[in-house]
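Annotation source Swiss-Prot lists active site, proton acceptor at HIS118, citing sequence analysis. Look at Swiss-Prot and you will find TRP258 tagged as active site, tryptophan radical intermediate. Swiss-Prot lists HIS242 with the feature heme b binding site. For ARG114, the entry in Swiss-Prot reads site 'Transition state stabilizer'.
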Amino acid sequence: MSTAAFKRQSVPLSKLFQSYGKNNSQSKYGGYFLATLIGSGILATSYFNNNKNGNTPSNNHKKLLAGSGIVNTAAIPKGKSIKDYQSLYNEIAEKVRDQDDADDGAGRYGLLTRLAWHTSGTYKKEDNTGGSYGGTMIYKPESTDGENSGLNHGRDFLQEFKDKYSWLSHGDLWTLGGVVAVQECGGPKIKWRPGRQDISDKTRVPENGRLPDASKDADYVKGVFGRMGFNERETVCLIGAHCLGKCHKENTNYDGPWGPSFNMFTNDFFVRLLQNWHVKKWDGKKQYEDDETNSFMMLPTDMALKEDSSFLKYVKMYADDEKLFFSDFAKNFSTLLELGVTFPDSIKPTEFKTLDEQDK
């Protein structure tokens, strides 16, 4: 049986119960990545000069191009080509595969996806600060932001590649790690471009407060994603990545997975969200658990998608059509990872082959 086939299996409930309340190093490698999402954003101008790649952003993003202050221009390290990044992809994917059973079966998929989200999600369109370009999460106050709690494990997981390849930037490493995570657990192909540069100027480290509060309502969610230029459909789509990983109380004061298949990229988040939920009685933050098994969780910002009519129609749409969800997510996630980065025409988007594809 291939690794991909193995991953497309649900984790038994007995294994889920074993993971709750554990206080060990593996249980901290969590999947609470979209609960504390995004700042705001603007697309790089050159993104629109490459519409032939089929990864065209929304009209909302086009409106955000004017008026940005800082220009973050990507540049591939001298002597490097996309082949070097495919090799790097493979090395990261092999390590992810080797730790497939970590965190009681969640693996590193949610952790690395959350890291890619949060390094990109500090972006602010008004002044073109934050985002994945500078790799600033290694500096305070971003590194100690409460919304980034637990992501030190993700950075540590990838650090060996930064140590091995001096030419590799943190921004490229962390965003590529997110691409690996999505693709290697059965998700869609994510177009990606290299060339982000590390920033040593600590005055450019974004302040805390750009990553949102998971306890809020639908209007709050719209405001957070609207600051990036995402509309309601794109917002719902991106939050659908909650199919991966789980929350850990020691990191976020939320606990548990969103469903039983937390090491597989599917539309299960939307299917489950449409089921019946109730407020969990416990000593942590307010969260919801499913009526059927009391085993899975939803955050208040998740439930907001169900309670707001402008969101709900897209929840139903993606619950009914996983293929459409995959297609939309591929575009939106790629957009997120590139917020604030200006790519010259010479740096084209690429799709990496998964390990299973290369084994054929």
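Heads up, residue numbers simply count up from 1 along the chain you see.
Even glycines carry a Cβ here, placed using N, Cα and C.
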| DSSP state at TRP258 (active site, tryptophan radical intermediate), helix/strand/coil | coil
| remark: HIS118 (active site, proton acceptor), DSSP three-state class -> helix
